[in-house]
Structure formats: C-alpha cells, structure tokens
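Data block below; observations after.
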Amino acid sequence: MDEAVQTMAKPRLTPLKRNYQTSVFPYFNDVDEKSLKYPKSVAYIISNEFCERFNYYGMRTILVLYLTSKLQYDKDTSTVLFHVFTMLVYLCPLVGAIVADSWLGKFRTILYLSIVYAIGGVIVSLGAVPIITLPREHVTIVGLVLIAIGTGGIKPCVSAFGGDQFKLPEQAQQLATFFSLFYFAINAGSMISTSLTPILREDVHCFGDKDCFSLAFGVPAFLMLISVVIFVAGRRLYVMKPPAGNMIFGVSQCVVEAIGGWRRNRKLDKREHWLDYAEPVVGRKMVEETKTLLKILVLFLPFPIFWALFDQQGSRWTFQATRMDGEILGFTVKPDQMQVINPFLILGFIPLFDYVLYPILSTCGIKRPLQKLTLGGLLAATAFLLSAFVELKLEMVEPELPGDMTSQLRIYNGMPCRYRFDTDLPMPDFKKETHLTSLGVWEEKNIVAPQMISYKFNAHAVDAVCPGISGELNIIPEKAVSYFIAEDRMHEFEDNPEKPKLGNPVIRVLLNVPRLQGNFSLTDSADVTTPVEVLNATQVITVARGEVILTFNDLPVVNVTARAGGAYVILANGNVRDGFNSEVHIVTQPNSVHIMWQLPQIMVITAAEIMFSITGLEFSFTQAPQSMKSVLQACWLLSVAIGNMLVVVIAKSKFFESQAAEFTLFAGLMAVDMFIFMLLAMNYKYAEPAEDVEEGDKPDSVPDPSIPPTTPRMPPPVVPHQAYTVIPSLQQQQQPQLSSPENSNLAPNLLTYSSGPEETAQRFSLASMFNTNNNRRRSTQNGISNQACDNNEQQ
C-alpha cells in the first residue's frame, strides 16, 4: 500500500447491526487488502511458537515420572511439585503482561524471558545426566522455576506480537490466517512432543541407565534454544509497538481509593455502592466498569475447583497409567503418552459439539453460557468418578505391601535340596509349610511387627548332600525382608513388592553357582544386555517388556516373558559340568487392567474442557466492559493457579490412603462447587456487549451527513461457531450502536481457531487487552485494532 493510502483520513462509516454472539469489522477502507503483502516476520513468530510449545509440553509430559524414578520422590511429593510448577506457570503471565505493556514492550519481554526459559530447560536436562555430579533435586527445582518464569511470562505476548505485524482492518483475513497457523503450530508442537518424549525417555538408553531422561529433556531444551535464535533472526522485519500502560493498575487504584473513601466518608456521605467512593479520583466510567467486573468475578469463585481436576491429567492420572497394561496389538502405549489423547479429542470434539451436541442441548433448554458451564463442571466430576472406578479396579489387583505395624518375609532356596524349618516365628502358614523345595520360595505377606523382632530358626536338609543352617530371621516393620539360601548360609536383603515406578518390569537374579566359571548376563527384548553378579541379591535389573533371556557365556539358561508392572525373581543353581537348573517366581503380578480403561475418563474430561473452558472465556469476553477484558482474563488465569494450589493442599494433607477415595473427594467437591455456581448464576442478568465510547471519540464515530456514504468492498459473510474466538474490532467497540438491514453483507469476523489440551482454555490475550484507553484510541486512529491483533492463547 502506498504512502498516500496509509495516511488517508478515517473512512466513512456504514451502519451495521450488532449481534450478541458475533462481532465484525464494521468499517473497511476502500483499499484492496491484496495490495498489502503478507508480513514475512510472521514465519519467525510461528516457528518460534512451535519450538516453544514443543519444549513446554515435552518437558511437562515426563516430569512426574522423572521426579519419582530419578529424584526418588514419592507420588504425593511429585504431585505437589508438579502442581506448584503449573501454578507458577499460570501466575507468571500476569507479571509478563504488566512488564510488556508498561516497560519493555512485547519484543524485549519475549526475548529476555525466552532466554531465561531456555536456560531453565538446559539446567533441567543437565541435571538429568547421571555422570554430572550435581545436586539433582536443587538443580531440577531451579530449572523448573526458570521455565515457569519464562513460559508464563511470554504466554500473553507471543501471539499478540504476531497480531501487531498486521494492519487492520485491511489485513483482517490475513490476520485470521495467521491465527490459524499460529494455533496449528501450538498443537503440532504439543502433540509431537507429547508423543516423542516418552519414546526418548524409555526406548533410548544412555549413560548406563535403562532410560534416557537427559535426552528426553535435552531435545525440548534444544528446540527452545532454536526458538530464541529464530525469534532474534526476524528482528529487522518486526513491527514493534511501544508499551502503553496496563489496565490492572487502574482497577487496583479504583479499589484502593474506594476502600479509603469508604473508611473516611461512609458516615457523612452514604453512597449506593462502596466503589462509588472512588469516583472523585478515578471517574464515573471506571467505577461503573469495575462494578461490572466484580459482578462477573463473583461467578469466577467456583472456577478453581475445575482446574484442580483438569490439571491432574499430568500427575495423578499419569501415575494411574503406570499401573496399567499398555499392550495394544503388539504396540506398547507408554503411561505418559496417554496425555496426547486430549489434544486429538479436542480437534474432533469441537465441530461435534458445535453442530450436533449444542443444537440438541438447545432443544432441551440449555442455551445460555452459564448453563453450559455448569454442565461442563458436572462432566468433570463424572470424569473423576470414572477415574475412581478405574482406581478401584487397580486396587483389587494391587500387590499387598507391608504396613506401619506389619512386615513381609520371603525365603528363596538356592540349594539343590529341600529344607525343613523349625522356628518360634508366630506364623501358622510357616508351620504348615514344613519343607522348602529346591529353587522354591516361601513367603508370608502379613506378619504383625510393631517393632523389629528377631526369631531363631534351624533349617534341616532333607537330603544328606546339604548341610543344616541355623540363625535368626529379622522381622522389620514396613519392610519386606527376604533371605537367599546359598553357599550353605542365609543371605539377607530387602525385597520390594511395590509396582515399578515407570511401569517397566524388573528382574532380580539369584545365582548359587561357583564363581569364576563364566559370565552371566540378562538380555531383554530391546537387545540390552546387563551383566549379572553371582550372589548379589541386591541387584535389580529393569528390562524392556517382552522376552528376557538369562545367558551363561552367551548360552541361554532360562527365558522369561516380562510384562509391564511385574517384579520377577530368577533362581538358578548348578555348574558348568552338571548344567544349570532354574526357576522363575513372580513377586509382584504384572499389570492386568488395560490402559484403555482410562479412555472414558479422558473423553469426559475433554468434553468438560470444551463446555467449561471455551464457554467460560466466551462468557467473560462478551460480558465484561471493553476496558476490563484484560483484568478478567488475568483473573481467569489466576483461577487456574489457585486450582493447582488446591491440589497441592489436598496432596500434602493426605486425607485418604486410597487414591480412589481422593478421586471421589474431588468429584464431590466439583459437584458441590457446581451447585454453588448455579446459586450464584441464578440472579445473573446477561448484558449486551457494552459500548466503549469515550468523550473525545464520539464526534469521530458519527458519519458526516454532508458526505455521501461510500460502499466498501465486503468479502462474503462468515458464519461463526462455538469453536472459534470472536474478536471484536476496536473500531466497532468504540462506535455507537447502529442498525442495518437483516440481509446486509457484513464484513467477516476475525476468528481464531482454538485447540489443544490447554489452548482451548487460554485463547485470549493479556498483553493486548491490558492497553489503556489512550492507547486504544491512538491505535484506532492508526487504522490498527490492538484488541484484534492481540488475541492470545494465554498458553
């Protein structure tokens, strides 16, 4: 577009009809938008977003498994750390938006925080390298904090910065295309990383481990470094707008002044509302809009409960999947890969809901946003009831573990003869089992042990070739004590009947063979060979699922079919001359509940996400005054952070031993929460989108009757649907309400597609909507709508 067109006066206006659910660009210049080239800078921004989302979701997918398996945190502590991290991720956007809008601007905010973000990713990946002697726990926490600051800080800025590259309304359709590509990059990055990083974690072996967390963290960290390079490479092409202030400060001032005025003047000057006391300082307009904001925020009070349920997909539900069988037609679904189902379902459910479910609900009287929000919350409660049902099925087949006042005892006989035990150990089952056969095992899973107790025993060999053995059996509370009879004596070690933390099978090899006769090794289905030490009862080997072979000098001794979640013991004795005898025992039964039992709860929580998240943001966006949309979206993010904090509180409190009971508690909280929400929503009166007309703008917003109106070129109308975020142009928001014929050919809506596991819940911009009124007026005069440009995923 030439210089004359860029500096032309405001276009003449054409009256248009307003609609509650749709907002359109009501005024178009008589300029062919094809004459404006598509901004080349957009390619750098989209590539940057792909790499950033790949990093975040890849790291997040495997985080809880890393905390439990490598840092040795228990499941409750890992859940706490995961949700504290997620809480920080949703608190930092508020800081990032304020910094971008008030001081640094979007470009520098994205650049600086991306560097912090990349450093955090590198720190986490280096901390996962076992050969680097670093304090793993502290390094990981520092890295996660930096990642939370980085990803949270740039959330409200990236797509807003991309929107700044377009000139509106001339490039409205090009901007819509950008947002489609932008959200495609988000979903592509998240889905690819969610599928890939579990494979890197489990199927790649590095630094002598049976997994490779360092690579699984390192690849996303490398992509984040690439994203910084890509972002900087496009610097000369970017359109950079200066910071213009933040509306949160205005709301804060209004509340503070109102409280102060109420305390000083409530007896002398009684007013209808306590916020009215701020009117002498902030003005009537700010007071009225703050009142509207608070009325909507009351409805936000129950929202954190929903996010407390929703975000447990990455923590509690992942732990649940580690105890399930993932074998499907020869392919193994890894526990952390179940998280990729949510974004896939989102893409399929959105059109299904728009064209099938919502019309059906409309016939049943469920039309209003608050009704859909309530239904979405109840669906979330249903999802957790389903997860509680799955948990009950898992608890039925869970291995019995020693409790606070109980112990377990196992005796493995590696000798080539039978033994008869005499002991004063008070165990009826032991008295009945008078003989322990060669390569056999005896176990007692529930021995009362308020404290450590030692019982004497005498073991007499039934066959004369073996000597007798005597000694003491130690019974320790909360421990599974085991003994291995070999070399004419008892070898004590601690057993672990608990399910393996990552779901992979584990094997303990107990060899009673002459030393230095050869080498024993264990080879799993991934062709990974691990040397086996003779008479080392403490050696536990994690193997890949499938066929496992114990070999002696590369000759097979015994084969074991190792299944997910199983704990096996291979007993072997003999020598090279007479051959080797072996027996396989199962200490912990492999997973028997199939992982697809999680599919119903994932489908229901995804449906809840669509009905709650998308509808909630649409309701907030349409009901809030234009100047308050930024504050409202900030409060929406704050509700996500509070929800994760609620999970932290419940996980730390440990109200129940049973995970099924905890899931049921969350379902009950969600049901009660929605009942409270219905009571709050009953008296709510829906408002038409408020006009944001400022005194100085009104003369410019009325067409000059002396000038005949021109007919702008209008593209064909676009019919919006629920799957899209409708962004009203700022010009329209600042014009008085006009009317037009029903069949008028309206300009298309500016639509952005929303998908992905969290993108559906975070589609509006903070940085864009935190602009002051003066900034909005100035941007409109330049022919660019900041509000339209700055629509952001907030994710």
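Glycine is treated like the rest: Cβ placed from N, Cα and C.
Predicted automatically and left uncurated, TrEMBL annotations should be read as such.
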For this session: Using TrEMBL as the reference, determine which range in 54-72, 244-262 is annotated transmembrane segment.
Result: 244-262
Exercise. Is the transmembrane segment (244-262) in contact with the transmembrane segment (340-361), using three or more Cβ pairs under 8 angstroms as the rule and ignoring pairs under 6 apart in sequence?
Worked result: no
Seminar exercise, completed: Outside the transmembrane segment (212-232), at least 6 residues beyond either end, the same-chain residues with a Cβ under 8 Å of its Cβ set are 44-45, 47-52, 54-56, 58-59, 62, 66, 70, 110-111, 114-115, 117-118, 121-122, 124-126, 128-130, 193, 196-198, 200-201, 204-206
Problem set entry | Cβ contacts the transmembrane segment (293-310)/the transmembrane segment (663-682), at least three under 8 Å, sequence gap 6 or more | yes
Problem set entry | Distal contacts, the transmembrane segment (373-390) - CB-CB under 8 A, six or more residues away | 302, 305-306, 309-310, 316-317, 320, 361, 366, 593, 597-598, 600-602, 604-605, 607-613, 615-616, 619, 660-661, 663-664, 666-668, 670-671, 673-674, 677-678, 681
Exercise. Which residues, given as numbers and ranges, are at least 6 beyond the ends of the transmembrane segment (80-104) yet have a Cβ under 8 Å from it?
Worked result: 63-64, 67, 73, 110, 112-113, 141, 144-145, 147-149, 151-157, 243-246, 248-249, 311, 314-315, 630, 634, 637-638, 640-642, 644-645, 647-648, 651-652, 766-767, 770-771, 794
Exercise. Residues of the same chain, at least six outside the transmembrane segment (110-132), with any C-beta under 8 angstroms of its C-beta?
Worked result: 48, 52, 55, 59, 66, 70, 96, 100, 104, 139-140, 142-151, 153-154, 157-158, 161, 207-209, 213-214, 216-218, 220-221, 224-225, 227-228, 231-232
